[in-house]
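Following: one structure in structure tokens, then a few remarks.
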Amino acid sequence: MAGGRKRKLLMSKIYTYSCVKSQFQNDHAQVGGPGFSRLAYVNDPNSYEATTLDYASNRVSTTKYNVVNFFPKSLYEQFRRVANCYFLFSGILSFTPLSPYGALSAVLPLVFVIAVSMVKEAIEDWKRLQMDNEGNNRKVQLHQGNGTFRETEWKNLKVGDVVKVEKDNFFPADLLLISSSYEDAVCYVETMNLDGETNLKLKQALDVTSTLQDDSSFQDFKGMVKCEDPNANLYSFVGTMDYQDTQYPLSPHQLLLRDSKLRNTDHIYGTVIFTGHDTKVMQNATTPPSKRSTIEKLMDKLVYSLLGFLVLISLIGSIVFGIDTDNDLVDGVMKRWYLRPDNSDIYFDPNNPEYAGFLHFLTAMILYGYFIPISLYVSIEIVKVMQSIFINQDIKMYYEPADKPAHARTSNLNEELGQVHTILTDKTGTLTCNSMEFIKCSIAGMPYGRGITEVERAMARKKGSVIESNEDATPRLVSAPAVKGFNFKDERIMDNNWLHQPHSGTIQMFFRLLAICHTAIPEVDENSRKISYEAESPDESAFVIAAREVGFEFYQRTQTAISLHEFSPSTGMTIEKDYQLLNIIEFNSTRKRMSVIVRTEKGKLLLLCKGADNIMFELLGENGRRFEANTTDHINKYADAGLRTLVLAYRELNEEEYDVFNKKYTEAKLSVSADRDEKIAAAAELVEKDFMLLGATAVEDKLQSGVPECIDKLAQAGIKIWVLTGDKMETAINIGFACSLLRQGMKQIVVTLDLPEIKALEKEEGSKEAMKEAISKASKASIIQQVNEGKKLIDASPNNAFALIIDGNSLTYALGDDVKEFFLALAIGCASVICCRSSPKQKALVTRLVKEGTGKTTLGIGDGANDVGMLQEADVGIGISGFEGMQAVMASDIAIAQFRYLERLLLVHGHWCYRRITSMICYFFYKNIAFGITLYLFEAYTTFSGEALYNEWFLSFFNVFFTSLPVLVLGIFDQDVSAKSCLKFPLLYKEGIENVLFSYKRIFGWIFTAILNAFTIFYFCTAAIQDQAFRKGGQTLSQDILGLVMYTTLVWVVNVQMAIFVKYFTLVQHITIWGSIAVWYLFMLAYGAITPTISTNAYMVFIEAAGPSAIYWFLTLFVVIASVIPYFAYSAFMVRFFPMFHEMIQWQKKVDGQSDDPEFVEMVRARSIRSNTVGFSARRESLLS
């Protein structure tokens, strides 16, 4: 309200809101009993009685850890990884004589890996704590006593405190409304953060407290509230208030929920009922889960398998060793004297071979530990952090108007972004930007408005054409509309040119209806004198603004009249006109229309009505259908352009007819019975008939920029999109059309309990429990029947596209244990799924059902507190960092500012991260298995003696210096295709959905390559040099020389293999790959020159033996070529005859689409085509077919 002035207008009279004033119902009898035991000592929270109540503080925490549990809980997180458990076991054994190498080299890598991971977890949780503190430290005015209010932080509030909340501020806790700046103690509340709805809700305090209008009124105010215990139901509240020795009933109309916002009201006074985690919004939240990616879970399975393989080969080796030990002593002489049995009483005791074999098993478990890539985890952690930095710094996901970049709040799930199968999205604030624009209309069968919708522009761009406006339109303005909510361009209507149209009288009545048939409130700015409107919905606001811009300005409302500034055709001037407001028949989801009855200055009674086309056309009179055919055609075109439509009609009433209606309508409004709505509807039907059709409005439910294009690209990528919204079914369906999730011709399967048989059952009399059970049983049976019928419909028409639309009441039964599988089967068979009137809990349950039922990766995206459960339940949670609240962002894994950035986040970063991480893992297993197999082959070659082929520090540094950097660079920088190609060919994303880059076939292919390379290296090296002289004195091969030669060839092979595999060569790749090999030679020189007490058997081996030998260099070259040729040949064969999609794109880029191989060109073309069922591409294909 401008200037802080109060309105004297009683809002409850205008909105017929008195019908919701609390009265004692059966539920109030439960107050004080089980489940209804909460007490609040109003304005006396420090009394002895209040202090004995152990209620939660108002501090809210969404962190994963705290100071007490961080160390044990984060350690638990780390040792959920089986590899870490194994290395802990081997680290302990390394302190015993069983270890083939020192304890230091075994323990330090494990400590480093765990420390890095724990520090990363701590940093991420610290950021969550900072965001929590931001909310907990918000300010609110708290009553300090003696009628004075002072600012305090939200976290300091207690149950019973009285607070003062001012306009446009969030409520700090669940409050009981005491009074407001309005005389009848009503207030507007925006609950978008809770249920996703943008329309304002009206709340009204008890009459007995409505007189407490200023701060001083609370000096002696005391009361006691008894109510229900904390629960997650946003739409129910039962309680009583004891005040001045009288008990008053309380209902949801007095409850103001935390994180909803006060709008269009200067201030309210309220008392705290629920605090912190007892508030309804937090009751709907779930504990932040410990999310792990699908790839990481599969990686753990591979590590389990490798661990099992390690146990198997250790067991085989120990059995062989035990047998050989048993046969070692022949006539008192040891055959394997070189094992120095004289230095051991146990390990090589031929008199106790079983025990010797067991001890060898433990030694082998330590020695073969290099099969398990311990550095894999820390390398992936490093790579994921770098990938997150790239996401954060992507300028193309930066939203400049709000100065908000993308923010990866956790890096654990980067690769999940490349495997998303189903997106579950909120609507309000996520797909839309909460604004409506009046853009077109049909009046008297003539279309008006030359505006172009976002859907039409997107379809035109897809076709490669430039869309033109209708007929001889003026050039389209691409800038934002000058008037918010009004984007109507048509010179035939504007500037009073409507007077020259053939049906000017109809046009006049059309816009007059828009200016009168609403419940908006005008506000006049005291400085500029400009009029703005506060409406219950964005639609109403757009209609009133449209009427004003055309020349029918609504400027004043009283309890009994609506006043307009109208252009008078007779005088050619703007005049004031008053319309006596007699009745407002409100909109609801059953009637799907709204009417007002007014009396003109000339005494005429007019019934003005607007509503859904399917309802309104049935109510037209015989003489009112003149424009029906043309209007229907226009409505269909508007719907296909993604516009929301309403039909406008009117009729004149006579006095007798109105008197009969008014009597019955007044009786219905005063009724408090269960069938009150039906009585109102019956009264309305007396006059809502025989209408004269005026036309239809077309309003664009303004999507966020780029939403249709984004959805189209995601659909082409094979991603399914579900909309889970708290909005009404009609609103959700309209937005479905706007963003092309729904289209004309798509068959809709509507599952609802808004059925005559269910309503009839609700009206029957009987015991409450019996009726409740009967209704529940009938509702469940109805849902099962509807689901089965829908499934049969899909099975009967497999080539048609279906859309499933279900409301919240139906979801309650559809998510039941014995129904949910059938519901999921129905939903999966549909191209689009829209769940309306969904509570936060239902959003989370639907997400869980899809995640567990399909076994595929799910992504939840939303912007409000009502989406928190969904984001936490999904495999990946995306928070929209919009202008309203930060609850979703605080609970998300990644935050973006606009829905359209999801396209780049998934198709570019998701694809890259998935490819990079999976390639890293495959390569890690490849090089470690190749490394481990050479150790095992040497063990077999030496009768499993427990001796290590390589020097101790050769073993430790293999994964640290000689092969680590190339794989890190692969994970950070490698690209199979460019970002532009990722967006141009969204079907490329299917590789992630189908997990083709980390399938068992691909994994075992890498394992086979590792085994083949290991055998090649071992047998070529041993066969080539076992009888060769390696020193000037003619000495033949020794273990230290063999180990160095094989290690050199191994370092070369795994790095050259990386060079072949890399798809995106830069200077960094060259430096790390060839530099790693160079580091190995430098290490041999430096380490071999150190005293033998440190370098042990590596002392001077390279300088004196290997380096000067020509066979060493020749053998290295030969073994490397022999090892990589099979992989190179296989890769070339697969690319030519069985290319993957990214390989086809690479080929297409190289030849620029030109080739002399028509068969390959045709294969690429055929595999690049995908038929869509949703998105504007599907809409265009449907229109062309």
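Note that Cβ sites are derived from N, Cα and C of the backbone, with glycine treated the same way.
No curator has checked TrEMBL annotations; they are predicted automatically.
According to TrEMBL, the feature active site, 4-aspartylphosphate intermediate maps to D426.
As annotated by TrEMBL, Mg(2+) binding site applies to D426, T428, D863, D867. Within 10 Å of the C-beta of T428 (Mg(2+) binding site) there are 29 other C-beta atoms, taking all protein chains into account.
Note on R837 (ATP binding site): other Cβ atoms within 10 Å of its Cβ, all shown chains, come to 23. Sequence annotations record features per position, and here TrEMBL assigns ATP binding site to D426, K427, T428, E540, F587, K610, R644, T725, G726, D727, R837, K843, N866, D867.
Under the heading domain 'P-type ATPase N-terminal', TrEMBL lists 41-105.
Look at TrEMBL and you will find 101-119 (among others) tagged as transmembrane segment.
TrEMBL lists 302-323 (among others) with the feature transmembrane segment. Under 8 Å from some Cβ of the transmembrane segment (302-323) lie the Cβ atoms of residues 81-83, 86, 353-354, 356-358, 360-361, 364-365, 368-369, 371-372, 921, 925, 929, 936, 939-940, 943-946, 1003, all in the same chain and six or more residues away from its ends.
Residues annotated as transmembrane segment in TrEMBL: 358-380 (among others).
Residues or ranges marked as transmembrane segment in TrEMBL: 924-941 (among others).
The transmembrane segment feature in TrEMBL is assigned to 953-973 (among others).
Sequence annotations record features per position, and here TrEMBL assigns transmembrane segment to 1003-1025 (among others).
As annotated by TrEMBL, transmembrane segment applies to 1045-1064 (among others). Residues 919, 923, 926-927, 930-931, 934, 949-950, 954, 958, 962-963, 966-967, 970, 973-976, 1009, 1013, 1017-1018, 1021, 1025, 1073-1074, 1076-1077, 1080, 1106, 1112, 1115-1116, 1119-1120, 1123-1124, 1127-1128, 1131, 1146 of the same chain lie 6 or more positions beyond the ends of the transmembrane segment (1045-1064) yet place their CB under 8 Å from a CB of it.
Feature annotation from TrEMBL assigns transmembrane segment to 1071-1090 (among others). Within the same chain, residues 953, 957, 961-966, 968-969, 1044, 1048, 1051-1052, 1055, 1058-1059, 1062, 1098-1103, 1106 sit at least 6 positions outside the transmembrane segment (1071-1090) and bring their C-beta atoms closer than 8 Å to a C-beta of that stretch.
Same-chain residues lying 6 or more positions outside the transmembrane segment (1110-1130) and placing a CB less than 8 Å from one of its CB atoms are 1009, 1012-1013, 1016-1017, 1020-1021, 1024-1025, 1028, 1045, 1048-1049, 1052-1053, 1056-1057, 1060. Sequence annotations record features per position, and here TrEMBL assigns transmembrane segment to 1110-1130 (among others).
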Stretch among 358-380, 953-973, 1003-1025 sharing the most Cβ pairs under 8 Å with the transmembrane segment (924-941): 1003-1025
CB contacts for D426 (active site, 4-aspartylphosphate intermediate) [other CB atoms within 10 A, all chains]: 29
Inter-residue Cα distance where the pair is D426 (active site, 4-aspartylphosphate intermediate) and D867 (Mg(2+) binding site), in Å: 7
Alpha-carbon distance [D426 (active site, 4-aspartylphosphate intermediate); D863 (Mg(2+) binding site)] in Å: 8
For the transmembrane segment (953-973), distant same-chain residues with Cβ under 8 A (at least six beyond the ends): 101, 105, 109, 370, 373-375, 379-380, 382-383, 386-387, 916-917, 919-920, 923-924, 927-928, 931, 1043, 1047, 1051, 1054-1055, 1058, 1061-1062, 1064, 1066, 1068-1069, 1072-1073, 1075-1077, 1079-1080, 1083, 1087, 1098
Whole-number mean of pLDDT values that fall within the domain 'P-type ATPase N-terminal' (41-105): 81
Rounded distance in angstrom between the Cα atoms of D426 (active site, 4-aspartylphosphate intermediate) and N866 (ATP binding site): 9
Tertiary neighbours of R644 (ATP binding site) (same chain, Cβ under 8 Å, six or more apart): M436, D539, A698, V699, E700, D701, N734, A738
Inter-residue C-alpha distance, G726 (ATP binding site) and T428 (Mg(2+) binding site) (nearest angstrom): 9
Distance, T428 (Mg(2+) binding site) to F587 (ATP binding site) (CA atoms, angstrom): 20
Residues in the domain 'P-type ATPase N-terminal' (41-105) grouped by DSSP into helix, strand and remaining coil: 28 helix, 2 strand, 35 coil
